[in-house]
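Pulled from TrEMBL:
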type	residues	note
ACT_SITE	Tyr48	active site, proton donor
BINDING	His104	substrate binding site
DOMAIN	21-254	domain 'NADP-dependent oxidoreductase'
SITE	Lys73	site 'Lowers pKa of active site Tyr'
Amino acid sequence: MKYLTFNNGVKTPIFGFGTYRIQPRITEGAVVEALKAGYRLIDTAQAYSNEAEVGNAINKSGIKREDIFLTTKAQTSGYRETKNGIDESLIHAQQDYFDLMIIHWPMSDSLGTYQALEEAYQVGKLRSIGLSNFNHDQVNEIMNNFDTKPVVDQIETSVFKQQKKMHKYLIENNIVHESWSPLGEGMKALFNDPTLLSLAEKYNKTVPQIALHFLVQENIMTIPGSTNPLHMKDNLDIFDFEFTAEEMETLRGLDQKRGIGGWPASMDQELDY
Ligand code: NAD
């Protein structure tokens, strides 16, 4: 495993397990499998309605809590609602703290939402706070209004949608670029891409392993999801090789600014700035 250190000094595994679209009734089992496979970063959200099941899996795992990095996301707008939401999430997940809580998407009152996150950070309920689906201007607005800098912006990113401008901007501001849907939700075009297939052959890996390793080698925090234990294991087995500089350039050339679609334009990070 490779680790990153946030701008507030908190250390995180670069690679973890996403739980979007995992039904609550099977989430506990899936997270138990993921922890068994070796994942130590788990990503959930209020919007996934599975925080309780993720918490159950962590609490039953026998793994020390401090060895697990748990992220959740606020789906509330404004100070009061978010303050209550944080406490409800902690109760649902049966946790004393989250390692990271991010605003799931820009809210009508993102400043009030962030204020509640900052307050919870200051009293130790959250070890770090950040953003998701915020574009350049929206991240700037947060930075201009608060002393506590966001540690991450979790945005849609895959080898087909590399978010190069946001990547550069986030690095310049010492904010970690975190990817969601790193496999383009399993899109066929990505799995059949000839360049990825030939690198898979060269390194004796699968295409998803190649696509995931590319993001990790770019220092992008990455959290693929799967309920298949074999895929969980495979996705994690990407730390025993490195692409050459030339291969990284070739992979950067695969960017098509092509995402899974269906997200409001205001959340599209490729807006010119
Ligand atoms: P993903 O790109 O991780 O793809 C998941 C799909 O790929 C699933 O259908 C899975 O079965 C398949 N898959 C995974 N590994 C595979 C393998 N080795 N071989 C073949 N198929 C494989 O998409 P995702 O789950 O939407 O995104 C990952 C995580 O990102 C989510 O679980 C969630 O935690 C987070 N997320 C966040 C946001 C946000 O707004 N912040 C939005 C979407 C997802």
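All residue numbers here begin at 1 and follow the chain in the order shown.
A Cβ is built for glycine as well, from the same backbone N, Cα and C atoms used for every other residue.
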Just the number: how many Å between the Cα atoms of the residue listed as 'substrate binding site' and Lys73 (site 'Lowers pKa of active site Tyr')?
5
Could you measure between Lys73 (site 'Lowers pKa of active site Tyr') and the residue listed as 'active site, proton donor' for me? Cα positions, answer in whole angstrom.
9
At a 10 A cut-off on CB-CB distances, which of the recorded positions Lys73, His104 has the highest count?
Lys73
Residues with Cβ closer than 8 Å to the Cβ of Tyr48 (active site, proton donor), same chain and 6+ apart in sequence?
Thr19, Tyr20, Arg21, Ile22
